[in-house]
Structures are given as C-alpha cells and as structure tokens.
C-alpha cells in the first residue's frame, strides 16, 4: 500500500491534504518543464546546452503565461463556456503536479461521534504528530485538535477542525448506506465490507480491488493486505461489489455501457468512475472503520486522494465590481492575479490570526493585498500553515491552498486581491440572529476584558452579534440558538476569566401592518427665531414581501426638495429600526410620500426627518399592526415507536408538520415551529424518546404571531415603557 505524505490539518473545518497519487483527470502524456533537458543536441557543449535549456524553459513559461492570460479573459467574459476540463488542460505542468497532490476537505459529524479521535489517527499516520492522545485530555495532554481548554474538558470541538469518524461501535453500516440514499437523496454505495463487528472488528475488504486489509502494530500503523477474503464474507463481498457496480451504472455512462454489455469493469475503470461521479456530486462512496480501534483510517486517506477533487477541478465563482457584479470564474493558476477569501478569524497570543483560502494566484510574504469590502491596503507580514496550535512559516501559498496570516484587519468573509482585479467572492450567507439575551460582567473590574472578548467573538463569528440597548444601556448578545450563546458565555469565563450575568433569552420578533393608511402630517414648532416646519403627505401600506421595507417618493412640482426627501427616507429607515408596537424591527412595510410643504426659513433636514418619523408612528398604529414571530425549520428523527410522542410534542407547540418520512426503523418529521415555543424542547424530546431522538433547527421565515401572544407581548411592552417613564 502506498505511503501517505503530509496531512496539513488546520484547526478548521477545511484542511489541505497532500496526496501521493496523481489524479486521473489529467492525461499522463503531459510532462514537466524539466524534461526539456532531454532535448539536448549532440553537438552542443555543456555551457551552451545549459543556456539553451534555460532559454527553452523561459520561452515555455512565457507560453504558459500567455495561455493563462487567455483563460483568465474567458473566465471574465464568458465563464459559462469555460469548463473545468479546459482549465485543467491549460494548467502549467509544474502547477498541475502541485495541485494534483492537494485535497481541501471538510468533515462534519454529530457531537461525540468520534471526530477528534479519528483526526488524531489521521495526524499520526501521516506523520504530523509523534503520538496519539485521546479526547477530553484523559492522559493530561489531550487530542491535538482540541486546541481550547473548553474543548478538552467537554470533549466537544467548538471551533472548526479537520476531524473524521469512519464508523461507530454497534452501528449498522448497511443502514447508514440506506439512509444516505433515502435522506440525503444521493446515490451511495459501500466500497468496503467490515471484517467482524464491535470488539471483533479486524479490518475491511476493499470491494474495488477485492483485497482484505488489516491494521497491525500497537497503533494500527502497519497495513497488511491479502487476497484471502474470510470465507464467511466471500458471498457478501460479491453481492456488495455487484451493488456498487449497479449504483455506478446509474450515474456514470462508461460503467453503464459495460453493465449493459454484461462486461466486468476493471479495477481502473471502477476507480475512475467513482472519482468522476463523486466529483460531479452524483455518488457518495461509503467506507467503514473504527478510529478508536485504530482500524481502516489509512484506506480512508487513500480514498480522499483517489476520489476527491483537487482544487483545479472545482468551480469557484466571484463577482466583478467593475461590471455591476457580473459573475466571473476563478482559475487556480499561480501566475494569475491573486484572489483569496478570509473565512475564519481566531485570536492568538500573537494577535488576530486570519485563515485565507487562495482561489487564484499566489499569496507571498511581504505582499500588499486589498480588502474588497473596505478598499484598504494591507501588507502580509507573515504566512503560516497551521497544525492545530502549531505553526509552520512559509514564504508563499499557491492557488488552491489554505494558510493563516497575522496582522490583517478584516472580518470573516472578506475578499482579498492584489489590486489588479476588482473581484469579490460571493458573500458568505449570514442568517439573521433569532435569539438574544442581556449580558454584563459581575465585577466592574472585568469590564476591559469583557469588551475585548466581545470584540474578538464578533470578528471570529459573523452569526454572533453584539449591541447596546439604547434605552436600558444593557449589552445584548444575539445568535443562532441557546447553545450558541451559552458557549460564548462559557468562553468568556474560561479564556478571559470574566464571570457574567445573563438575562432571559429574548426572541427576535418583528412588526408589520396589514392595511393601507393615508397620512397628512405637519410638524410646526416656533420658539423664537428660526423654528421647525415640515409637512409630509402620503400613505403607509404593506409591501409585497415580509423580508424588506420600501420607501418611495412620488413628488411632482418640487413641493419638497431632494435633500428634504432624502431626510424623509432617513426618518423612515430610523422608524423601521424600532417599531411602535414592541420596539422591534419593522418588516414588510412600504411608505410613499407624494406631497408636502416647506417653509423658507423654518424647514430643515432634521425637521423633515422628525416629521416623517411622527407620521410613520401615527399611520402604523392605525394600520392594524401585527407582531411577526420567527418560525424555525425543524427536523426531528427518532425510532418509529416514538412517533406518537414526538407528534404530540409538536402539536402542543402548534407546529405545522410539513412532511414525514418513515423508514424501516426510524422516522423523520419536518415541521415549522415557533422559536418561542421551542425553549426546553431538547430535554422534553430526550424524555419522550428515551434519549434516542434528535432534532435540528434553522431559521425559516417570519409569520404572524397568535393573537393571544401578541396581546401579551404588547401589554408587557407598554408596562415596561410606563415603568421607565415613571
């Protein structure tokens, strides 16, 4: 079995893996530039030969640069016609050699499913660490990827890390394959069969090559392969191999032709088909193993090299700011202008650490780059590769790879270029927070560290928001759920030694109106000297969508000047930031101003802004205002015998059940649930399903709240306002 080379493991969900195998997507006939030396003429002496070789190499490099420039132009002018195959075909052979050995992979799994345990084996087998340590710091060292104290103690990798789990003790691997087909709705088939189960798990049978693979040695570091498949598995292996070929025939034309002609595909044909189908997202190869038992991690690494794409084979798009954000394709050539994305921020003892994925060009130490969002120029003082908390300084990073840099002031999701291209990567989607709570340090002396922590957390995580309530002056943190906020409160205590007091979680409600209301409002104040005068006429009505607000002016005859209309729009936006009903943001409201009046002396921008806000408030109260509550897209999975209990829990919360899938053993319910009703749902679900049920939530949309809830919320808000004004 081939020896694996370096694994570049980052403390992130995305990592770079160096593979020892060449990709099948490139023809082997293309040679590197160094082969020019073979073209020496017999009558040239050594000095002239070296000069001639260097001349040929320079000319060849110029040709590649010219080709790269042409590809870049097509990527900008006609990206849809530029295929990844053409990009690979025109890639400099030296660059192809580098890229063919790189895999950027991200691995996700449930909490406590063995991700960090598997990662520790990956790092050990690829030579990145010298010893294996277990999760939760049982040996006082802790797993390499558990870089936070909080991670080591709780056994949960909070920050994104390269982790992996091949199989769980007692799990049914064939059930897992079936669930991928049924629930993820993508063709999947096993490419291995386990030899033994649980304590008797010994290794796997590779169905592609029909070889048994065993791990030996104290840490499974020795691989033994044999053609002798255990007798009790021979028939099962034949059956599963045939199933693999049949599944591939459904997604790959070459295998389909062989299957219809009743021809047995070769090992090379099967591997090539798996790779094509996997890269095109038509097929999922399923492997089996146990990281805790040090079994079958190396075959998984081989599969990463054999079947996953290198960076040049993956399409990546950006937007050209100079051409009204027209889409352009990024090309993973080192010689092209640099484009990279800052996708993760982390505080370290040396300052802010920014993780960058290079999509095009080369990032070099000392280079000046430009932030596409802020247009600020930044110098790159130092480039490192990260191995958990360990750093390896490098002079440059090529296209398709991942690195970390120091001293770069940016936010997560910022695009960097070398200034030659006005490109920006498609913004990372950041959903609006759905839950908030007040927070403050218990001791005044901790305020500086509290502020420092808040600043760091908001830069690291775009879904974590912080603001100060203008009335109560309380610090409010917002996020995607209770656990999300709890983790940051705990990190505050662990990393900054700041004990905090928190309030009750608050749901992010919204306000809207349900009918059109006309208004004619005049602001008139006179207190000696110049006063305030502004008159605005128009209407307030529900907009076409609950996702936005809209301001429009239909003034004719110049009754209100442009600068005053701009002030009116500012007044409208200020009004929608805090609604009259509950003090929450307003959604789905449209304001139109079609008339008004000004005074030569007393009118001002501030007067029109205030008049608009007053008109908005009066019209809103008369427009049958309504409270909107966030509905969460909820997915619940549990064994079939608990279906009635789960549905009962949802009915108590007035959830809308959209779909139900019933499998041989488990069922899945898809529902829209009010966030307000989901507090404490986790513990109730565990109690109702004997701990066997699980659920996930994500924001779906805003919907009108029940009348009784709206009445209670309005009464509570009015009471709070009276107490504040008393």
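For all residues, glycine too, the Cβ spot is worked out from N, Cα and C.
Feature annotations, courtesy of TrEMBL:
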type    : residues                                                   : note
BINDING : 109, 110, 111, 112, 113, 114, 115, 116, 164, 165, 166, 167 : GTP binding site
DOMAIN  : 506-624                                                    : domain 'Translation elongation factor EFG/EF2'
DOMAIN  : 626-713                                                    : domain 'Elongation factor EFG'
Cβ neighbour count (10 Å, all chains) around residue 115 (GTP binding site) is 24
What mean pLDDT does the predicted model reach across the domain 'Translation elongation factor EFG/EF2' (506-624)? 91
The domain 'Translation elongation factor EFG/EF2' (506-624): DSSP-derived helix, strand, coil residue counts: 34 helix, 39 strand, 46 coil
